[in-house]
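Read through the structure below, which is laid out as structure tokens, and then see the notes.
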Amino acid sequence: MPSLSSARYGKDNVRVYKVSRNADGTQSVTEMTVTVLLSGAITTSYTEADNSVVIPTDTMKQTTYIMAKQHPVNPPELFASILATHFVTDFAHITKAYVKVVQHRWSRISIDGKPHPHSFLRDGAETRDVEATATKKSSETKIAADEVELSIKSAIAGLLVLKSTGSAFHGFVQDEYTILKPTNDRILSTSVDAGWTWNDIHGLAGVEAAAERGDFDKAFQAAREITLKTFAEDASASVQATMYKMAQLILEAVKEVKAVEYLLPNKHYFEIDLSWHKGLKNTGPDAEVYAPQSDPNGLIHCVVTRD
Ligand SMILES: O=c1[nH]c(=O)c2[nH]c(=O)[nH]c2[nH]1
């Protein structure tokens, strides 16, 4: 007999924009894309066509809009926790709610050196991401918001960086399939995905307190600054070695997180031999014109945790 071994469902790509009209006449904006996935006592909706346990995914979208209207959307860790907690507290049969918030950049435009009160630009594809999972221990019960276990992961995604020197790669395994030449000087480029997992938080009140202290925003700034500074300043021996340094520094700087994860594509730039044209020198120390590669790319991953 086959059986349903895992099931969750929800709404993906819910796009939400919220403006806040500040007392000083300026406006601030937040744009995000939200995912909601629910699990719990929903098996019969799959196995017996029983829709009595199905909260429509349309309702999840409407709930997202209403929560965005009634609650702060910043920091995204708080909004994701509010939304996830709602689903496990309002519905007895929902035991786990996963909410992902992807916050898109809208940076204030400066005109003649002055920040404009209500105009913004998309200065990069980088996003600030949060995944919040709200869990209650037993199913089929209604519980209060302060009984919900919240696990939160924050991240920077799609931060595209390049350094034109200061990166080497040598000493690697050589076998009969190896053509790659060791190098002391190469281009290093990657699109940074960096995530940090917070210590588990018991109840929404804990998330609210952390938000109030500015913990989430401070961690994001620290992770971004550490990533950029280490990328720029490290005499890189490899993507692996550089990303490990970044992760260690974030763990040192942000005491409330228990793990840091990096996923870095190695975006290759190939030298081009142009000697066929009048003996032009364009390799090794003479390399100036390169061919950026869109694929394939290296893909390097690590998770670093505290002892
Ligand atoms: O930093 C690197 N790590 C690798 O594992 C690797 N493999 C490769 O071909 N180039 C690189 N660069």
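Each residue, glycine too, has its Cβ placed from N, Cα and C.
Keep in mind that what you see is a predicted model, and the values were worked out from it rather than measured.
Around K11 (active site, charge relay system), a 10 Å sphere centred on its CB holds 19 further CB atoms from the protein chains shown. According to TrEMBL, the active site, charge relay system annotation covers K11 (among others).
As annotated by TrEMBL, active site, charge relay system applies to T57 (among others). T57 (active site, charge relay system) falls within a helical segment according to DSSP.
The Cβ of H268 (active site, charge relay system) has P292, Q293, N297, G298 as same-chain neighbours under 8 Å, each 6 or more residues away in sequence. DSSP assigns H268 (active site, charge relay system) to coil in the three-state reduction, placing it in neither a helix nor a strand. According to TrEMBL, the active site, charge relay system annotation covers H268 (among others).
Annotation comment: TrEMBL describes T57, N266 as O2 binding site. T57 (active site, charge relay system) has a Cβ environment of 15 other Cβ atoms inside 10 Å.
The urate binding site annotation in TrEMBL covers T57, D58, F169, R186, V239, Q240, N266. Under a cutoff of 8 A between CB atoms, and with a sequence separation of 6+ in the same chain, the neighbours of N266 (O2 binding site) are L188, S189, T190, V239, N297, G298, L299, I300.
Using a 10 Å radius centred on the Cβ of V239 (urate binding site) and all shown protein chains, the other Cβ atoms total 20. The 5-hydroxyisourate binding site annotation in TrEMBL covers T57, F169, R186, V239, Q240, N266.
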Should we count any of the recorded positions T57, F169, R186 as near ligand 1, judged by a CB under 6 A from one of its atoms, and which? F169
Spatial neighbours of T57 (active site, charge relay system) among the recorded positions K11, F169, R186, Q240, using Cα within 10 Å, are K11
Cα within 10 Å of K11 (active site, charge relay system) - qualifying binding-site residues among D58, F169, R186, Q240: D58
Of the residues named as 5-hydroxyisourate binders, T57, F169, R186, V239, Q240, N266, how far apart in Å are the Cα atoms of the most distant pair? 49
